Amino acid sequence: MKVTIVGAGNVGATCADVISYRGIASEVVLLDIKEGFAEGKAMDIMQCATTTGFNTRVSGSTNDYSKTANSNVVVITSGIPRKPGMTREELIGINAGIVKSVADNVLKYSPDAIIVVVSNPMDTMAYLTLKATGLPKNRIIGMGGALDSSRFKYYLSQALNKPSNDVQGMVIGGHGDTTMIPLTRIASYNGSPVSDFLSQEVLDKVAADTMVGGATLTGLLGTSAWYAPGASVAYLVDSILNDQRKMIACSVYLEGEYGQSDICMGVPCIIGKNGIEEIVNINLDEKEKGLFAKSADAVRSMNDALKSVLA
Ligand SMILES: NC(=O)C1=CN([C@@H]2O[C@H](COP(=O)(O)OP(=O)(O)OC[C@H]3O[C@@H](n4cnc5c(N)ncnc54)[C@H](O)[C@@H]3O)[C@@H](O)[C@H]2O)C=CC1
Ligand SMILES: O=C([O-])CC(=O)C(=O)O
């Protein structure tokens, strides 16, 4: 199975690294516009093959899309990341043009690929990719919920002082500092509600920390995060390529689900060989429904800014 990752920067290269050492795909192509950059990252990753013991072939390409031909999955991480103090939404002006041209180029050589959109503002970039390419909705997956949910479980594990892998939880809604919805009500510690162990005040802080998880790291690092984002993309790609049918919160085009239409937003999805196999309808309470509608309003107003790109 072949995966192309467009954008060999922090997130793209980390994703290639995790896909390789976990043996998720037999071939990975990294592509970037910076001369020699993707080739360099690919060579560096390949020189781990004997020490970490993998057989995936990783190669790089400077903007030559013919090398990406017949990819099963294409990941789009090209574009600029935010700097401290910025929101993801501020990236739209530059990233919309990049994402649209990349999506057009990859489809020329991999017309059947499933596209995973990572560039920010991610929900709007997923919507742009869907509208610009006209692909069926199962083949456009925005990655954000997998990462936000892993951060949510991290903050819950810190509050509980228990391992992250013993914690279950999910974040739905938009992938933005104010639009994410960490579902504290249904989060659990090995099957027991986390509210059995944590006060409402602590749970509110966990949710607030989760929502600004990306901003916190951007403040610490000077650019946005890459280890957890890259690993989260690899996790999603694994579920597609190996038809694992995992339930992962992904940004997907909604047609009435969760009361929303004509928008890409994070909801629980079954992810398998066809991409989005199913949108799972979980029961939200009235407060969560209200938060979802508010989140949709914000994502929709960002999508309005795409009119000139899509015209
Ligand atoms: N959805 C999510 O959960 C996450 C999204 N992101 C987003 O992912 C994007 C990438 O972040 P980083 O990897 O940290 O940035 P980066 O700056 O390290 O890498 C971006 C790469 O894209 C390349 N690029 C730019 N235009 C291109 C084009 N037209 N064709 C091919 N390559 C091109 C650049 O040369 C650069 O190497 C950002 O927009 C960031 O906000 C980052 C983390 C998580
Ligand atoms: O924070 C950012 O800008 C990058 C991102 O989406 C994340 O790490 O969640």
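Cβ from N, Cα, C; glycine included.
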For this session: Write down the one residue from Asn55, Asn95, Asn138 that TrEMBL lists together with Gly7, Ala8, Gly9, Asn10, Val11, Gly12, Asp32, Val118, Ser119, Asn120 as binding NAD(+).
Result: Asn95
Exercise. Want to know which binding-site residues, from Gly9, Val11, Arg82, Arg151, are within 10 Å of His175 (active site, proton acceptor) at Cα; which are they?
Worked result: none
Seminar exercise, completed: Candidates Gly7, Val11, Asp32, Val118, Asn120 (binding-site residues); nearest Cα to Arg82 (substrate binding site) turns out to be Asn120
Exercise. So which binding-site residues out of Gly7, Gly9, Val11, Asp32, Arg151 are up against ligand 1, CB under 6 A?
Worked result: Gly7, Gly9, Val11, Asp32
Problem set entry | Those binding-site residues in Val11, Asp32, Arg82, Arg88, Asn120 whose CB falls under 6 A of ligand 2, listed in sequence order | Arg82, Arg88, Asn120
